[in-house]
Amino acid sequence: MQALVIVGHGSHLNPGSSEPAYTHADTIRESGAFDEVREAFWKEEPSFRNVLRTLESDEVYVVPLFISEGYFTEQVIPRELRLDDFDPDDWDSDGTDADHVTLEADDVEKTIHYCGPVGTHDSMSEVIVQRASSVTGREEFGDDFGLAVVGHGTERNENSAKAIYYHADQIREMGVFGEVQAVFMDEDPEVDDVTDFFDTDDIVVVPLFVSDGFHTQEDIPEDMGLTDDYRTGYDIPTAVDGHDIWYSGAVGTEPLAADVVLERAADAGAPVGDAVDAVREQTRGANAAAGD
């Protein structure tokens, strides 16, 4: 038997923090790609520490629903899963290309395929573009539309910014938008000044966050000038400094993000069959239905 475990941060304060993990788990569960699909969290139950004990499968694919490589993916998750032989160097990553490593969890007698985070997978760029399509209702953009990919940014983890720049570069090479920029909450270039970085009339702003919470629902809209008080709401798009800003909310809530989880497991050797294509078709259908 084979199992998939999606591990997320969770929150004691924001019940929506875990929602993407449950939603994407349900999507993958319906595909039938795995005998078991579980969710586990740092700040909620079921916990990282106990999740492996809930599985009957002897082979487990663990996919972190995190944006970047760093403290949680390199220290907390391996420690809590008791992957004693894990070494971040085994990923041979420069901060954006962690793949997977196979280890034994001896206390539960299971083989664990520990994957890199969803946020640095190549296919996340496609999810960002799809998120932009979902908020604008457009399948094509062209030179009149710019895209701002928003990250948290932090001096404590340089990989946090690397993931944002990585996807901004990839999307720029796709030629989908007239302009593509990476911006941040806590470092330059700052999201507060997003209109300064674009000549396009329309700017789609997509936060590379797993879930919607205080940053995506309160801080970023106010920082960009969409509203003085998030509680009063704002229009989509909102005119700011001569530009129309289309703000999408967290990319991790996009249904297509389930595909990234599945692709991470497939890259680690999970025999998912045609589940990737099935999930892509299902999640794109969800987007179309939402736009009706």
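Using N, Cα and C of the backbone, Cβ positions are placed for all residues, glycine too.
Since we're looking at a predicted model, the values are computed, not measured.
Listed in Swiss-Prot for this protein:
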type	residues	note
REGION	1-141	region 'CbiX 1'
REGION	142-292	region 'CbiX 2'
BINDING	HIS152, HIS215	Co(2+) binding site
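As a whole-number mean, the pLDDT of the region 'CbiX 1' (1-141) in this prediction is 95.
Counting Cβ atoms from all protein chains shown, HIS152 (Co(2+) binding site) has 19 others lying within 10 Å of its own Cβ.
Within the same chain, residues at least 6 positions away in sequence whose Cβ sits under 8 Å from that of HIS215 (Co(2+) binding site) are HIS152, MET185, PRO207, PHE209.
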